Structures are given as structure tokens and as C-alpha cells.
Amino acid sequence: MSDPSPAVDLHAADAPPTPADACLPAPSTGEADATIRYVDSCDLPTPWATFRLHGFIDTASGKEHVALTLGELDDGEPVLARVHSECLTGDAFFSQRCDCGAQLEEALRRIATEGRGIVLYLRQEGRGIGLINKIRAYHLQDLGADTVQANEDLGFAADQRHYGLCEPMLAHFGVGALRLMTNNPAKVVALQKLGVLIPERISILVGHNPSNQRYLSTKREKLGHVIGLPAE
Ligand SMILES: [Zn+2]
């Protein structure tokens, strides 16, 4: 597809605070006011397909975010999608403490198989606490805390992620409806409250291993993720 016009500020649709957002601290700029600037795009060959990689800048924070796309997305049909929050340890270092890397790879693989889809890659490491605090949280987990306790012991909410940038990023590609690959119903609700239609949630049950069994159990029991786990 041809890339949309460059360097324009994109604004999120107005949306009221939501129950799903209520567990999140108020973002500095407000979810509904999220503004992002599209910068440029390029080809990105991967083992599964040659995607287009698109760069955006959050005008409030200066943070850089990207989207990977494949195929024609603006035909009105729901788009196979993953909204993936950055996990350097899982996405790049093959960490077995979580399932992020396997989920990202599976999402790209499924999109390549369909020939059409989008990954929004949001730079909110460690459920929004940042990389160094994530290392501190992992240290607490080494000492016995679970993934939610660790973040809370450091003074953070269990999940500090925000999705306000998704709506203007999707609008940039003419995408209004997603077939969303996620095990997290709260993410579905948060995006719907921002005006994104999600006619289908698609489970993405990959990357389970002995090292992340407790992490996944905690996500299921404390964060409401829909995850079928082997007998514990
Ligand atoms: Zn991870």
C-alpha cells in the first residue's frame, strides 16, 4: 500500500474514562488527548514476510512508537492485529520469564499467513514502569514476589499501560476495526472505549514454559487474562 501523507499530528477521538482504564493511573496527557505524529516508513523484511515499518512520535512525551503493517488495510474489513507493549527482555533477549517474544513472533507469523494485518508496537516497557524498574521488579520476583506484587512494592500500579495512542495510529492507516490477538480482555475494553471496534478477540496461547508458569498464573488470576495453563 502507499504510505499516507507524512508528518501530520493525529489526535485520539474523545473518549471518557472507562472502567478498564480506572485501574490505571491518570496519564499525564490524558488518554483521550493523545497526539501522535507520523514521521516515515520503510520496508522491513522478516523471516515471514516483508512488512512496512512506520515510525510515530508521541508529541506529549517524545516517545517513539512503531507500527508494522502488511497488505491493504483501509478497505473497511476488520484487520488482524496485535497491540504489543515493548518487552525488551522478551522481544529481543529471548527471556523465558514472560511470553511476550513468542506472542510477537506468532502475531507476525499469523499476519504473514493471512497477508494482511497490523502490529502496533508501543514503547511502554514492563507494563509501563520502564526497563530499569522492570529489572528491579524481576529482582523482587527472584526473592519471591509475583509480577503484580513486585510492581506494587515498587510503588506502581499492577498495570500502568495506556492505549490512547492506538486510535490515532489506526486512523492513520484507515483502520477502524480489529480482530485482536490478545489474551487480555481489559485491553479489548480499553481499546473499545477509545472508539476502536473489536468484533473478534483471538487467543494467542504461545510461549508457555516452566520459567513463566507462575507469571502466567498471576496474569490469569490477578489481571484477568484468559490463559489455559497446563496442570500446576
Ligand atoms: Zn515480556
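Using N, Cα and C of the backbone, Cβ positions are placed for all residues, glycine too.
What TrEMBL lists as region 'Disordered' is 1-22.
Mean pLDDT, taken over the domain 'GTP cyclohydrolase II' (39-202), works out to 95 on the 0 to 100 scale. Taken from TrEMBL, the feature domain 'GTP cyclohydrolase II' applies to 39-202.
According to DSSP, GLU86 (GTP binding site) sits in a coil region rather than a helix or strand. Taken from TrEMBL, the feature GTP binding site covers ARG82, VAL83, HIS84, SER85, GLU86, GLN103, GLU125, GLY126, ARG127, THR147, THR182, LYS187.
With a 10 A radius on its CB, CYS87 (Zn(2+) binding site) counts 23 other CB atoms from all the protein chains. For CYS87, CYS98, CYS100, the entry in TrEMBL reads Zn(2+) binding site.
Here TrEMBL flags ASP159 as active site, proton acceptor. Classification of ASP159 (active site, proton acceptor) by DSSP places it in coil, neither helical nor stranded.
A simple way to gauge crowding: the CB of ARG161 (active site, nucleophile) has 20 other CB atoms within 10 angstroms, across all the protein chains here. If you look up TrEMBL, you'll see ARG161 marked as active site, nucleophile.
Proximity to ligand 1 (Cβ under 6 Å from any of its atoms) holds for these recorded positions out of ARG82, HIS84, CYS87, CYS100, ARG161: CYS87, CYS100. For the recorded positions listed here (GLU86, GLU125, ASP159), the lowest count of other CB atoms within 10 A around the CB belongs to GLU125. Listed binding-site residues: ARG82, HIS84, ARG127. The one with the lowest count of other Cβ atoms within 10 Å of its Cβ is HIS84.
For ASP159 (active site, proton acceptor) paired with CYS98 (Zn(2+) binding site), the C-alpha to C-alpha distance reads 15 Å.
THR182 (GTP binding site) sits 15 Å from CYS87 (Zn(2+) binding site), counting Cα to Cα.
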